[in-house]
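Database features (Swiss-Prot):
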BINDING   Cys11, Cys14, Cys17, Cys58  [4Fe-4S] cluster 1 binding site
BINDING   Cys21, Cys48, Cys51, Cys54  [4Fe-4S] cluster 2 binding site
DOMAIN    2-31  domain '4Fe-4S ferredoxin-type 1'
DOMAIN    37-68  domain '4Fe-4S ferredoxin-type 2'
Amino acid sequence: MSHSVKIYDTCIGCTQCVRACPLDVLEMVPWDGCKAGQIASSPRTEDCIGCKRCETACPTDFLSVRVYLGAETTRSMGLAY
């Protein structure tokens with residue numbers, strides 16, 4: 001099952017989520033929107049197993065990285081019954 005990984009602009013560029021991911025789904029890319037000059041990116045979402053370790057590792061109060069499991073994605077779009 002496919003999972004969606006969303007990175008929000010509240011990311012502080014700390015790399016905690018990248019280091020927590022056991023399958024290297026995430027990586028850091030340059031970004032001028034924060035002091036660290038980088039933001040998490042999710043180029044390999046097809047490898048995501050939905051463990052949500054990246055969410056747990058995120059130190060921001062806003063959960064800058066979110067994993068939406070297949071059913072959650074469907075429910076959030078209003079397609080689940």
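Each position is counted from 1, following the chain as shown.
Glycine residues also receive a Cβ, built from the backbone N, Cα and C atoms like all the rest.
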Environment of Cys11, Cys14, Cys17, Cys58, the listed [4Fe-4S] cluster 1 site - residues of the same chain whose CB lies within 8 A of the CB centroid: Ile12, Gly13, Thr15, Gln16, Val18, Ala40, Cys54, Ala57, Pro59, Thr60, Ser64, Val65
Local Cβ density at Cys54 ([4Fe-4S] cluster 2 binding site) - other Cβ atoms counted within 10 Å: 26
When distances run from the Cα of Cys48 ([4Fe-4S] cluster 2 binding site) to each of the binding-site residues Cys11, Cys14, Cys17, Cys58, the nearest one: Cys17
Cβ-centroid neighbourhood (8 Å) of the [4Fe-4S] cluster 2 site, Cys21, Cys48, Cys51, Cys54 excluded: Val5, Cys17, Ala20, Pro22, Leu23, Val25, Leu26, Ile49, Gly50, Lys52, Arg53, Val67
Per-state residue totals over the domain '4Fe-4S ferredoxin-type 2' (37-68) - DSSP helix, strand, coil: 8 helix, 8 strand, 16 coil
